[in-house]
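Lifted from TrEMBL, the feature list:
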- 55-318: domain 'SMP-30/Gluconolactonase/LRE-like region' (DOMAIN)
- Glu55, Asn154, Asn209, Asp265: divalent metal cation binding site (BINDING)
- Glu177: substrate binding site (BINDING)
- Asp265: active site, proton donor/acceptor (ACT_SITE)
Amino acid sequence: MLGALGALAAAPAAAQAPARFLTTGRIVRQGPGLDQLVAPGAQLEIIASGFGHIEGPVWVADSSMLLFSDTPTRTVYRWTADNKRTKFLEYSGYTGRMPYSKEPGSNGMALDGRGNLLICEHGDRRLAVLPLAEKSGKRTLTDNYQGQRYNSPNDVVASGSGAVYFTDPPFGLPEQEKDPRREAPVGALYRRAPDGTVTRETTELTRPNGLAFSPDGRTLYVSNADSLRPVILAYEVKSNGRLGKSRPFFDMSKVAGRRPKEVPDGLKTDAAGNVYASGFGGILVLSPQGQHLGTLDPGVTAANCAWGDDGHTLYITAGSFMCRVKMLAQGKVGN
């Protein structure tokens, strides 16, 4: 008996059971194709909650942390695998002192491949960059196109060449399209070249929102957060990085189960070219051909998602909480 007790006493603390998380929502299968992408028995686990409206998740592999924006409170949060949540950046997105809009803070974020965090800022109406390896503070990457201030940069992605693409709908303006402070007359998608040159790539979509590259970088998917035209378009990426013609990829108006105010939002892709699209009913999983394979439904509107950990975990921002789901599919972290 004493030997058994001694063995128990000597058991390391690491042998304790891992933390358990509440689960939410459901995984909806439209066909067998989804089973090749989602881990067997996977559920959507809530890992953090109590936020205003969270957006823009990005995994920073060097620090093993997930960063995400709480747009109404102007805060970027950090979450780590030991289930710790801390404030990473305050006054993100809007540094003014006077009240501005319902969502003045930062939105989409991405890594640029050189250790910098790209941040779309609603209230300050700019694309900012924050070096993560040094304490030099944020700086403006671009805040206007040909002298006209942006509406409210929404989401961003970096290419392998160092170019940065970002969308600029009017959501962050207090009165959106009708706001008297609006200078850019259209919603647009912009490209900032490595030399700092900014080009307006397309105004085809009225409310451009999420964007993601195909694995080979030759296609850029862009969502339109417009209830009158809730679509995702696929743009050709030319050899010089400029965008070519678009083609229809997916029309969300055909999807049942839409919640009030849901529109196409954030996008990600996996290594096989499948597209993960925030929109009607959750995160829609779409094949490279645009076939709806199924939906990762957190039970509330999902704004965006990001690959994290070893690339086999999909983190989902869902209103006031963050959840995750284990996947067989693998995606690129940090973008």
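Glycine is treated like the rest: Cβ placed from N, Cα and C.
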In sequence order, which same-chain residues at least six apart have a C-beta under 8 angstroms from Asp265 (divalent metal cation binding site)?
Asn209, Gly210, Ser223, Ala225, Ala277, Ser278, Gly279, Ala302, Ala303, Asn304
In the chain carrying Glu55 (divalent metal cation binding site), residues 6 or more apart in sequence that have Cβ under 8 angstroms from it:
Phe68, Ser69, Asp70, Thr71, Ser106, Asn107, Gly108, Gly266, Ala303, Asn304, Thr317
For Asn209 (divalent metal cation binding site), just count the other CB atoms lying within 10 A of its CB, please.
30
Pick the one among the binding-site residues Asn154, Glu177 whose Cβ has the fewest other Cβ atoms within 10 Å in this structure.
Glu177
Residues close to divalent metal cation site centre defined by Glu55, Asn154, Asn209, Asp265, Cβ within 8 Å:
Gly56, Asn107, Gly108, Asp155, Thr167, Pro169, Phe171, Gly210, Ser223, Ala225, Gly266, Ser278, Ala303, Asn304
Would you mind pulling the DSSP three-state label for Glu177 (substrate binding site)?
helix
Reported as an integer number of Å, what is the Cα distance between Asn154 (divalent metal cation binding site) and Glu177 (substrate binding site)?
15
Find the average pLDDT over the domain 'SMP-30/Gluconolactonase/LRE-like region' (55-318) in the predicted model and report it.
96
